[in-house]
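Okay, so here's the structure we're looking at.
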Amino acid sequence: MTAVVRTEGLGRKYGRRWALRDCDLAIPAGRVVGLVGPNGAGKTTLLNMVVGQLAPSAGTIEVLGGRPASGPAQLAKVGFVAQDTPTYASLTVADHLRLGARLNPGWDAALARDRIERLGLDPARRAGRLSGGQRAQLALTLGIAKRPELLILDEPVAALDPLARREFLASLMEAVAEHSISVVLSSHLMSDLERVCDHLVVVVDSRVRVAGDVDDLLTAHHRLTGPRRDAARLPSGQHVVSASHTDRQSTFVVRTDGPIHDPAWTVGEVGLEDLVLAYMTPKTEDRPALEALR
Amino acid sequence: MIEFHLDAGSGVSPYMQLVRQVRHALRLDLLREGDQLPTVKDVVAQLAINPNTVLKAYRELEHEGLVAARPGVGTFVTRSLAGGSLAAHGPLRQDLRRWLAKARLAGLDDESIEALFMTTFRAAAQEDIA
Amino acid sequence: MIWLTLRQFRLQATVALATLVAVTALLALTRIDLVDDYADGIASCTATGGCERFKLQFFDDHQSWFTGLVTVVVGLPGLIGAFWGAPLITREIEAGTHRLAWNQSVSRSRWLAVKLGVIGLASMAAAGLAVAIATWWSDPLDKAGADRFPRLSPVMFDARGIAPIGYAAFAFALGVTAGVLIRRTLPAMAVTLAVFAGLQLAVPQYVRPNLITPVERTVTITPENMQGISLAETTLTVRARVDEPGAWVLSDYTVDASGRKVKSLPVSLAAGACAPPPPTTVPDGKESVDGSGRGPAEKCYAEIARLGYRQHVTYQPGDRFWPLQWAETGLFALLALGLSGFCFYWVRRRIS
């Protein structure tokens with residue numbers, strides 16, 4: 001499978017602080033990738049490097065086989081809907097379509113016109129007077145109608161109400177179904193990501209914690225509940241993602257490739273949201289020891 | 001034509017929800033042989049879900065021999081689930097009622113009954129796999 | 001890209017164009033009388049004499065318009081820098097729209113090149129038009145006031161010729177640079193205005209005089225070249241007149257017999273040989289005597305010459321107006337190019 005985005009040791013520093021570091025990713029083509037993590041974890045930094053908005057401080061990045069934003073041809077292959085879906089407030093909807101047509105050799109005018117029509121946007125209306133949802137849809141139209149192979153969206157629905165959010169994601173998914181583009185979108189609304197994503201990248205504290213196809217992730221992760229036990233005593237093939245203990249009971253979320261045979265455990269499935277949360281909560285390896293002192 | 005819906009809180013993966021809804025409709029005779037399933041694009045536009053999810057669900061149904069894809073036209077139902085199995089529902093329900101009555105006599109409340117049923121159901125399913 | 005740049009510039013261009021048209025119309029109307037009056041006046045004064053007095057009077061009558069136009073031309077580049085230059089990139093950064101623009105199939109360099117090129121040219125055109133119109137309207141007044149406000153004098157130099165075009169290019173680039181560095185429109189506008197105004201004050205003072213090596217003369221003070229003599233407290237100073245029309249005098253001081261600069265002629269002269277004629281004496285310790293007409297007596301000049309004092313004058317001759325204009329325009333154009341180059345570097349490397 002060819003990778004649409006491949007990074008090795010990718011990092012970006014702001015001053016002395018690493019916004020993202022040691023990032024190794026290989027995102028396969030044809031996926032809708034969800035990029036999740038707490039605010040300030042480095043999601044926007046990663047996306048900005050993918051579109052070439054930002055230059056890396058360390059490591060390499062290859063997008064669709066080229067260096068991000070290295071020239072008009074590369075720019076034409078990648079669409080980007082930036083955070084807060086910026087549009088030119090004083091320009092009309094029609095002006096935006098004209099802008100897209102003039103600045104993109106592969107512009108699909110019919111597609112753009114059709115989308116605007118179906119969305120019920122008045123072409124003569126200034127973008128500054130559109131609602132948040134309409135503005136996001138306009139920005140998405142610009143991103144889709146340039147007919148990219150890869151579309152990047154940075155928190156596109158964060159500021160939208162539930163209805164606008166649903167409509168936005170529906171038209172995004174429609175575009176994916178119609179034009180088979182690969183998509184990477186960041187969000188912290190897990191319910192949305194659960195619907196639309198088939199590949200997940202979790203970024204916490206400037207590092208990629210886990211990445212993979214959603215199905216694979218779900219089958220590889222289990223919730224183990226049983227009598228209290230130390231995390232260190234789990235078999236070597238089971239990587240503890242999160243652990244919590246009460247006086248008598250231990251609950252682990254583990255990642256493992258093989259089946260779990262130990263009859264002492266009640267084995268449960270981990271939903272996508274819980275899985276992400278397990279990676280986001282800081283690992284407290286020393287907590288059992290502390291509790292043992294009591 | 002059926003309309004899909006997704007229950008985000010169910011804990012069941014979206015693709016499995018689609019598969020179950022089709023099977024359910026087939027059992028209840030809401031979908032019959034020859035009926036067309038919504039196109040991937042329609043489902044995607046309606047539910048705002050990943051097209052691959054829909055494709056996967058349809059592939060699963062195809063694998064089960066319930067539907068068939070005709071390239072360029074759509075996906076159509078090839079077999080109904082109503083009928084044979086529907087007939088078996090009556091006696092089974094009777095057995096279940098009797099068992100429920102016994103459980104109540106033994107002093108189990110609703111939640112206990114449900115827990116007992118689910119653990120037994122899961123254990124049996126796991127034994128089948130193993 | 002050109003289309004987008006022009007589309008974004010539409011409002012500003014419309015405002016500028018409307019103002020230009022209105023002002024030009026007004027000027028065209030008033031100019032008719034202005035030209036006629038001047039022609040009539042010159043015709044009659046040539047016949048009867050007293051042209052100097054007519055020119056003085058004519059200039060004074062229209063001075064407010066004249067200075068108004070000069071102010072507009074001098075101030076325009078600063079305004080262009082603040083209102084066209086500073087917001088050019090900053091407004092995009094503030095609204096985040098640079099992210100939209102940079103992800104169309106156009107490289108960042110091309111985006112910036114077109115923006116700088118198109119609006120930069122528009123800035124230069126605007127300044128050029130303003131100078132042309134102001135010069136055209138002021139033509140009779142430029143003639144009438146040539147003695148008092150030669151075009152080489154600091155402010156007039158800024159308002160005539162081609163230098164304003166260079167200023168506009170520079171101020172525009174300055175505005176853009178301030179914008180990309182500060183990233184906020186209002187502060188960038190303020191900084192642009194402040195820096196440009198500072199340069200407009202500093203350049204005539206320190207740079208322009210030396211663009212071409214000035215002419216230096218050391219002359220004996222005579223009744224012909226004496227501009228004025230004045231006594232203040234304990235200093236007696238003389239100013240000389242440069243015998244070339246329209247010259248820009250840079251320095252004018254007295255040297256003694258050994259060629260050293262002196263701050264004052266011997267004060268004793270004021271009571272002796274150079275004592276003013278009685279009627280003009282005012283007992284307040286400071287008095288000025290007009291060099292023309294009833295000047296100091298011959299013996300005053302003789303006495304100054306005998307003591308070995310001579311007048312040292314440096315100046316730019318009036319016919320150097322165009323060479324100086326070209327030199328200064330070139331200088332500002334170079335600065336504008338340098339700033340533009342910096343903007344390219346900064347926008348490509350430091351903005352995301």
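Just so it is clear, glycine is given a Cβ too, placed from its N, Cα and C backbone atoms.
A TrEMBL annotation is a machine prediction, not a hand-curated record.
What TrEMBL lists as region 'Disordered' is C:276-295.
TrEMBL lists C:65-90 (among others) with the feature transmembrane segment. Counting only same-chain residues 6+ beyond the ends of the transmembrane segment (C:65-90), those with a CB under 8 A from a CB of the stretch are 9, 12, 23, 27, 30, 59, 98, 112, 115-116, 119, 122-123, 126-127, 130-131, 134, 137-138, 141, 145, 155-156, 158-160, 164, 167-168, 170-176, 178-180, 182-185, 188-193, 196-197, 200, 343, 347, 351.
The transmembrane segment annotation in TrEMBL covers C:111-137 (among others).
Look at TrEMBL and you will find C:157-181 (among others) tagged as transmembrane segment.
Same-chain residues lying 6 or more positions outside the transmembrane segment (C:188-207) and placing a CB less than 8 Å from one of its CB atoms are 74, 77-78, 81-83, 85-87, 90, 154, 157-158, 167, 170-171, 174-175, 178-179, 181-182, 328, 331. Marked as transmembrane segment by TrEMBL: C:188-207 (among others).
Summarising the annotation, TrEMBL assigns transmembrane segment to C:329-347 (among others).
Through the fold, the transmembrane segment (C:157-181) approaches residues 69-70, 73-74, 76-78, 80-82, 84-90, 93, 116, 119-120, 123-124, 126-128, 130-131, 134-135, 142, 151, 188-189, 191-192, 195-196, 200, 204, 208, 248, 321-322, 324-326, 328-333, 335-337, 339-340, 342-343, 346-347, 350-351 of its own chain, all at least 6 residues removed from its boundaries and within a Cβ separation under 8 Å.
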